[in-house]
């Protein structure tokens, strides 16, 4: 036993064997003592057991590793290396952490998760690219990167060997490895070789993969793909070699298995037109595809897969005709399998005539039906003298048919592989290659035959090569560390290989038996028994069989059945069938068989019918084509090809990937320990562990050991030499020196020693923790006591003082209260007396005046009342009769209508009763008939009512006419009576008659009073009902008001939220557009650089250059947006460079392609810019329209509510006054107030009709305005659907529309029962409204009529708008014509003014302006007097402005003239001072002139620099190309080159030389590009030119003359503005150049920072002693302890400070510096977080503390530089939250809630990944449980986010260049002589 016995103490954990779980964990409950025969154990479920030891070996059970070692990335890092530890570590990583990859020394163990994982994206590939294999978590990409790196570093070919069972994921692993190579290396040509390499995968999967019981996409062949690279390690091509095609699957499949995918893809696509000729149908119709009874794979669409296969064929150069030929051959194989062969007799067979499948086969392959049917049932036998034809029995004929099918498919497979290799080959010389071997693993089944024998033979060879390689690496490690080498005993499987392939071995005896005329499987088995049974211990014979043998392989014993070995080894095919195939008219089939010879073994592939698998070997191309070579057996060919494969692998550096299948049921993340252990034993992982455990498996560097076990050392033990310190300490801790060895750089430990040291470390830490806890608790208790004592004393002091202060305060208040009461009472009494006196006087005065006024008003009222009564009584008597009659008629109508309504309502209630619904349920037919009958009855009743109403109206009209005539007649009689007033006798008679009539009238009055009483009672009831209805209306009104308020508030909030979201979305879109635009610029720059590189290569390749003028291509534009050289400047530059660009060497096609690409990019840029402007306009317009629609909606609602409220109040008051307040006798009669109120309500209802019509129109206009307001939002989202319009309307809008439409169409002719609004709403809102019920009362007709009226109104409005639009168009056209004419006049006037002197020019322009304004004024007055007044005001203002400008210019002229006079006077004084007195001119001539020094006055410079045209090249060379940034930044003002260039540009603008402006700008841009291309990796150069380019851009803006830029200038700077040219387009070009320089700066910084980030932020231990490294394995690990020379956090901070100081020295804009720093911090945070997510050893609590400390240092740096507001801190938020996640508690639901709320900047995938990777460094930490992780996933499942795991480190924030004007005056700038610019002249 490797472990020491003293470790078996109480609480030690061990592994014991178990039947179900293989190994089970247990804990010792009692110490083990030497000599004990058993151990007392307690299982994890709490059961106690007694484990007995083997009495012979006395071996103790395996010890468990400490918890901190569980889940290690490398199995060799475990302290105890044995099978249960390996199995448990893999299970924990796979089940708990969802990690499928694990290292085992040099082997990568990959467990198939049976689930798609997001760990293979491009971001993951970029993260692993360039990393060491031990720096990141295990991954197939890490192995691929290691192979790629070793190929480039060691100049040696590499191999990746992927093996495992079927379904373990070999093919997928190999595919991902090739994808990695294709991604990181790229291709050396434009042929996209890497895409072709990846495109070969779907083709090979289609023709070589099939569904098995273990795998839905199992590779049924082995393949070795060599990916070729050139000397720059870019992919140039590939080559594929295949092994052991299982061609028996073509004719036979077991249950739940399928044939090759290509057959099912063709059957699924049989409906396509191009496949009609193949005569295919469903896969269940063919024998070769239905035997497995599982033609469909879940989740796989065979039709789409065929499209992918065809696209891959096309990409690899196999055209459509060849593809159809391949599909034709495959279809022919399916038809051949359906050919039915019947018995003719016992020894012969026959095919029925006109067999449709055989006819289809012959038609597809182009052979004759007669020949094919003949040789399927016969064979030709040759003897020495004659040849004869022998018929075949049905079984043999069927086997021959199947053999032909397999042979054709094998030929087709080889042809496809050959053409794939042709497509992948290249003419470029291959420098090196990486091979990927995807081959089957060790197989053992219940019945094992020849196929399993060959597979296991190949695995024996591979295992031998693997063992030797592991042994060699182990030996090299020991030799390098200078450790004494001891021979390690490991399993050597050479004897097993000799048993199979040596002379007289199994294969040799098999070939010998095949050559025997009467050889059989039984005789071959006897030969094996006689030869090997007694001589070889690895060969055994089963007890119960004489036709089988057993071989002891490296993984397990396997029993092989001898049946079929000879036949499969021979692999015979009927020769005559081959000849028929060769005679085919189908060219592709002839091509397949063109290398066929007359051999019985033409392909070297296996035949069989009933076995599980059949083997095939692709023969090597270089083999001899002799017949002897063709007669080689399958075993011989397989042995030769396997030997070639081993030679290839031995010539390369191998890398191993072992794929493990976790369960047999394809369950996601389900682990079966039994199956896993079988595969671990078979794939050699446990052998690697055994070899490692035999030596020194645990290896630590001295620095790692010192850091980890520093706690076990005393202060005196620590020496300066850490190596010596480790030696001294280790000798004290471990007494047995054989348990460890000291190497040069590492300490080597035996198995179990690290666990022992960990135990000592944990005990020491535990004791220290107890001591710390004791001290801390004592300190806390004493501190608490002192705090309480101090608090008590303080409380007492303050309490006593408070009590004394309260007593003094009480005494003072008592005395004060007595004084206050005395004065208050006096004041109250005095005030009360004065108030009473004043009130009495006032009351007397008012009362006397009131009594006098009342008396006067009473006299006046009595006088006027007499007059009014006289007139009113006469009028009332005349009107009473008329009103009474009309009221009676109206009341009769109302009562009859009310009774009719009640009867109708009663009928409807009866119709809706339970009995009615029961009748309806009897059947839909009865219901329809009843509804139809009811509709007919109602229609009939409606017609009768309408006719009755028409009759009543006509009779009422006739009666009214009659009454009017009677009234006129009575009026005439009355006039006659007045004329005959003197006839007394007649009057007396009339008086008698009237007395009689009076008595009759009194009787009638009594009758009417009785009727009035009854009418009053009815009216009281009606009033009560109206009150009730009024209350309901009030309640409904309140509900509506509340609903409207809520909806209004919701709408306001919704609009506000929508506008905010729209604004945010537009800002996001703006940033995305900027980012996309800047990415296009970077792509443009890349194409330019590539174009320049090609030009240089072509120039260098041309040996002789012709002299002469260089001609540019006509398509090569010289526009400034394309950044091309000016022709003259280009000629000068080409002359200096030795005429690199030669016309003969230019690749015209490439040039045109690049120019086309540049043009497209420019167009895309312009489109993006236009789209951005349109979106900004839409946002402004949408916000304005939304606000307008909202205000309109609110005002409409408010007006409607106010009107309804007023109306209801008015009606209520009048009803109360008339019906309750008036109790007179004739109240109900015509003319009474009640009667009047009813008439007024009738009139009000008529008026309401018109009001409701208007409301409908207002509602429609409101809906239209709302639709227009939200139009831009609807266009950005989905288009609305008309059927959803009703459900989208607000409730109040539906109510308004319904009431308005109903009132609009209300008339006596169409009166129906009123439908409640709520009922209509519920029907409209229902998912499927009952249209019959909705139309029951005619509502739909009403709504339809209202909609028709609305449509007519809208059409009228549309026509009106169209006419308005046409008028506006005409007016605009006329205005456009006027503007054109005005433009022509202005141009003519300008041409005339340019010829005048300046003074006359100004006066002429002013005169013209006044004339123009006068003409406009006259025209406006003639057209529109009202508009003319406004226009006159505008014109006057403009004239005032012009006059002010004229006065300003006059003042300027006078000022300049005054200064000129002063200067002239000074010059005169200076001239006079030179003479001694007043002399005449003659005297001045005679006097001698003495030389006097006259000082030169400084010129008043204009801030311009003049240069000659020929000096432009020298200017660019000295100022840009040869300028050293460091000297300029230190000694001169920032941005000096930009100022100089702009001053030169100003002079070119001043002299109005457009050619000079263009050439200067073009030369500047191209020179900056050239210097950046030459020194683009120098941060100082890139920063310098970024600052100067931005300064040059700001100068162009500042002095452009635009108002928005000029407002920041001084008056002197405004005088320096450009006067002749508008350089807005060049500003855009220079802005694009600045963006490119910025991106170059970011890349440069990233290249500098990239090596520092991981080391400084993660690996370096900033806080010493916090983190302790964990044990590492055989593979080199990067520890958290920084060695000498590695980067630290200080390195990063120093580099950031250097970047910042450099940019500040160069004068970079502060806002730009902030953006650069933000990008720097984003790169730091993204790279750190990505590495954290891919490194399990970094996810611990202590590392989280280190990261937070490092981030705080970065924030401190930002604070020191004043950059806290630049947004850099926010970019570190994901990293900060990841560090917090490592440190927070991770147990309870509250912790989960806190994590979800805290980690808002992290995605769900990142949070789960960190939790899965969390690894305890010490025993005091705990792992995160699986349940907790699932809780987190459940809480975060509603997040809408990207599933991407890693952050995009290549992302660059869009850059902006805010305008930053310079306060520096151009005329003050001095040019230093060091710049060699003496040829420039200041102007």
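Glycine is treated like the rest: Cβ placed from N, Cα and C.
Listed in TrEMBL:
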| type | residues | note |
| --- | --- | --- |
| BINDING | 164, 165, 166, 167, 168, 169, 170, 171 | ATP binding site |
| COILED | 1151-1259 | coiled coil |
| COILED | 1344-1396 | coiled coil |
| COILED | 1439-1466 | coiled coil |
| COMPBIAS | 617-628 | compositional bias 'Basic and acidic residues' |
| COMPBIAS | 1117-1129 | compositional bias 'Low complexity' |
| DOMAIN | 9-61 | domain 'Myosin N-terminal SH3-like' |
| DOMAIN | 70-762 | domain 'Myosin motor' |
| DOMAIN | 1562-1838 | domain 'Dilute' |
| REGION | 599-632 | region 'Disordered' |
| REGION | 642-664 | region 'Actin-binding' |
| REGION | 1100-1141 | region 'Disordered' |
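Mean pLDDT of the predicted structure over the coiled coil (1344-1396): 69.
Shown are the binding-site residues 164, 167, 169; of these, the residue with the fewest other Cβ atoms within 10 Å is 167. The ATP site is defined by 164, 165, 166, 167, 168, 169, 170, 171, and by the 8 Å test on Cβ atoms against their centroid, the other residues of the chain that qualify are 112, 214, 215, 218, 219, 441, 659, 661.
Within the set of binding-site residues (166, 171), the lowest number of other Cβ atoms found within 10 Å of a Cβ is recorded at 166. Outside the region 'Actin-binding' (642-664), and at least 6 residues removed from its termini, the chain residues within Cβ reach (under 8 Å) are 90, 94, 104, 106-114, 140, 143, 146-147, 150, 154, 156-170, 173, 177, 214, 224, 241, 243, 435, 437, 441, 457-458, 461, 465-466, 469, 620, 670-672, 675-676, 679-680, 683-685. Counting every protein chain shown, the Cβ of residue 165 (ATP binding site) has 24 other Cβ atoms within 10 Å. Counting every protein chain shown, 26 other Cβ atoms lie within 10 Å of the Cβ of residue 168 (ATP binding site).
Long-range Cβ neighbours of residue 170 (ATP binding site) (same chain, at least 6 residues apart, Cβ-Cβ under 8 Å): 162, 163, 164, 219, 438, 439, 440, 441, 659. Helix, strand and coil counts under DSSP for the region 'Actin-binding' (642-664) come to 9 helix, 8 strand, 6 coil.
Counting residues of the domain 'Myosin N-terminal SH3-like' (9-61) by DSSP class, helix then strand then coil, yields 0 helix, 24 strand, 29 coil.
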